[in-house]
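Take a look at the structure set out below.
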Amino acid sequence: MNIADGRQAFSAPAKLNLDLRITGRREDGYHNIESIFCLIDLQDTVYLKPRDDGKIILHNPVDGMPQEVDLSYRAASLLQKYARNPAGVEIWLDKKIPTGAGLGGGSSDAATVLLVLNRWWQCGLTQRQLIDSGAALGADVPFFIFGKNAFARGIGDRLDEMDIPKQWYVIVKPPVHVSTAKIFTHESLTRNSASSIMPTFQNLQPFRNDMQAVVFKEYPEVWKAYSELSRYGFALMTGSGACVFTACQDRNSAYNIYRQVSDLYEAYLAEGLSKHPLLSV
């Protein structure tokens, strides 16, 4: 969508980890995972405006952080060396995805910047090259570049498309920020879940999140939100938290739960997507 001042609007959807297992720790300190990633229609909007002077300007960094450490800025900076001509861009972020929630908001914004600027700047990078570049920005970035629901392995950069039934999700965000680094370095974290061959959505059930027990121990507010949501059905934490969610087969069922929990918590009602909106552009 074009805006009067020359900006163009692009979607950056959130994700849920419907299953997350840690299968080992690598020599470089990162962890190998296996996870089901699902796109949802809760999304940020990234506004981009091209410049021809080589400058990258992020107009509204998240939480007042310096623009140089923002993932969207870093994504644009990363691509500049591949641009055919001196290229710049102005970036605005309309945030709807809560930060520090396990929903991948910052990573999704960065992936959208990479996908759009790869075209605008005629960088010519393949999807695989974008995925490899995006992995340097964050573990969730490759999935958003892949753009389809997926079973992920490695550090999240080995992706196979997965067929996930259409579902609605109720997402609850407790009033706490979870430190991903703290959870990944916790002595009690499970790091040896059995690795599987490429599964189907059905044969991975019951779903689990290997980080959930540690987060519940260190952040009681997440446990409380999980306990509340579990009253209505099977609940699970996404990513390293803090959000927890439950799935429903139809919107009415999900909305009824949403009405109840939104009186107690910041809550979201979201529909699952089969592919990234930019794949249709």
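Glycine too: its Cβ is placed from the backbone N, Cα and C atoms.
The active site annotation in Swiss-Prot covers K15 (among others) and is backed by sequence analysis. K15 (active site) falls within a strand segment according to DSSP.
What Swiss-Prot records for D140 (among others) is active site, and it gives sequence analysis as the kind of evidence. In sequence order, K15, F37, G104, S107, S108, G156, G239 are the residues near D140 (active site), counting only same-chain partners six or more apart with C-beta under 8 A.
Summarising the annotation, Swiss-Prot assigns ATP binding site to P98, T99, G100, A101, G102, L103, G104, G105, G106, S107, S108.
Counting only residues at least six positions away in the same chain, the Cβ atoms of G105, K173, C243, E266 sit under 8 Å from the Cβ of P98 (ATP binding site). Same-chain neighbours of the ATP site beyond P98, T99, G100, A101, G102, L103, G104, G105, G106, S107, S108, judged by a C-beta within 8 angstroms of the site's C-beta center, are, in sequence order, A14, I97, G239. Ranking the binding-site residues G100, G102, G104, G106 by other CB atoms within 10 A of the CB puts G100 at the bottom.
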